[in-house]
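*Asks:* Sharing the features that TrEMBL gives for it:
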- 1-86: region 'Disordered' (REGION)
- 19-35: compositional bias 'Basic residues' (COMPBIAS)
- 36-45: compositional bias 'Basic and acidic residues' (COMPBIAS)
- 74-86: compositional bias 'Polar residues' (COMPBIAS)
- 111-133: transmembrane segment (TRANSMEM)
- 153-172: transmembrane segment (TRANSMEM)
- 184-204: transmembrane segment (TRANSMEM)
- 224-244: transmembrane segment (TRANSMEM)
Amino acid sequence: MSAAMDTESTYSGYSHYSGHSKKAHRQGRDRHKSPRSKDGSRSEKSVTIQTPPAEPLLGNDASRAEEGQDDNWGETTTAITGTSEHSISQEDIARISKDLEDSVGLDCKRYLGLTVAAVLGLLVFLTPIAFILLPQILWRDDLEPCGTVCEGLFISVTFKLIILLIGTWALFFRQPKADLPRVFVFRALLLVVIFLFVFSYWLFYGVRILDSKDTNYQGIVQYAVSLVDALLFIHYLAIVLLELRQLQPMFTVKVVRSTDGESRYYSLGHLSIQRAALVVLENYYRDFTVYNPALLTASKSRAAKHMAGLKVYNVDGNNASGQSRAMIAAAARRRDSSHNELYYEEADHERRVRKRRARLVVAVEEAFTHIKRLQAEEQQKAPGEMMDPREAAQAIFPSMARALQKYLRTTRQQQYHSMESILQHLSFCITNNMTPKAFLERYLNPGPTLQYDRDRWFSKQWTLVSEEAVTSGLQDGIVFVLKCLDFSLVVNVKKIPFIKLSEEFIDPKSHKFVLRLQSETSV
């Protein structure tokens, strides 16, 4: 039997029928029902480690199912599969909505700046060439001979234009990283300056050279060279304004995630609010752990339970006010003891996590030991019988899948890891001869958002909320908020204080000491 069939048979054996009641039967069915395929074909057998639904948030039903499961959930649950001729899943709905959004049309705002810059850049590079060629085309016979001087100027103009072309491509024509709500002020200012500069040169050229048909060709070429030199200086100014100005740290920003309070600190230079927000988001996807709403459902359900325990009765004039006060006091005492419940719940959860972590580590180490033994044996066989990394991963995965599945469900990470992604990561570790500890690093410690599926966990739309204009620069005390669908990032800006250092000189000859001994010592 092949390794793929072993994987499927092992996963099929994890969920079987038991003697539970019909209610437990329905709960197990809702919890382990496999998504149906998009093309309307018959659905395959459901696996326990599956891709998460398109909506990452977990409802109250999911949280109650997580709290009610025991350590032997694999033996006491039931998986029900069915067939359907026409079916659609939540992932299909999300994909269809995404396609509809993409098919609305091109975002003109995103490409407007690039189009204007391209047209203006083409005008800038053609202008010196036109200055040199127009006299040769219009009044060639009347021009004074230039000789070697003009040939040297031609070479100078050529190399300067090549340098300017490369610098402009590297600075301006880069793929945009984000769609900002407002234009970049310094970039727009540079485009305006370049346009006015080239327009003034063309105006002077048309009045003083084209109208009068100037015969001094050497002066015309030098006029074109001066234009190229001025464009090089403008390019240097663009580097200073767009790249160098923001390098020196001037502000410290604190970024706090609104749901769980996770925070980070970053140092920024002179940036506008919208560009600072872009830097914050780039660092957020790299530094913050992935947002897991499943970790917040337990605290919410606990708070709701204790709020529901406090009840006030309207006695309608009856002599039961003492009884009502007694019930309120009892509910208050039960609410005051909630910290004990929280303590024991967290202690029990930590115990379960440690136990399942230990089981997972042992299972993975045994599986990697087995694959090493397989490699040693396969080297003695014919090349046609060798196993590739994918087959090796499928061969050893069933032995660790159960422990990994339980650990992911206990730590509420199952929605971030599909079976296919785990197999790909396992084959990657086998290919690069990585240790079991390196394989487990992704699952034992929640990583940043960049580590997971980009299309599923990256927020497509962020909203910048600020009392100041987003094109204004950062200032001390400014607070702005970045909102997405599930949470928001609160950014507080503080200016780095001015530091004054003073110097104190210490004479090396002053480092002299005297040893004083008392007379009654035994030295």
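Glycine is no exception: its Cβ is also placed from the backbone N, Cα and C atoms.
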*Asks:* With Cβ-Cβ distances below 8 Å as the criterion, list the same-chain residues six or more beyond the ends of the transmembrane segment (224-244) that contact it, or say none.
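*Replies:* Same-chain contacts beyond the flanks: 124, 127-128, 131-132, 153, 156-157, 160-161, 163-164, 167-168, 171-172, 186-187, 189-190, 193-194, 197-198, 201.
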*Asks:* State the non-local partners of the transmembrane segment (111-133) in its own chain: residues 6+ outside its ends, Cβ under 8 Å from one of its Cβ atoms.
*Replies:* 154, 157, 161, 164-165, 168, 172-173, 176, 183-184, 187-188, 191, 194-195, 198, 201-202, 205, 220-221, 223-225, 227-228, 231
*Asks:* Which residues of the same chain, at least 6 past either end of the transmembrane segment (184-204), have a Cβ under 8 Å from a Cβ in it?
*Replies:* 113, 116-117, 120, 123-124, 127, 172, 227, 230-231, 234, 237-238, 241-242, 272, 275, 471
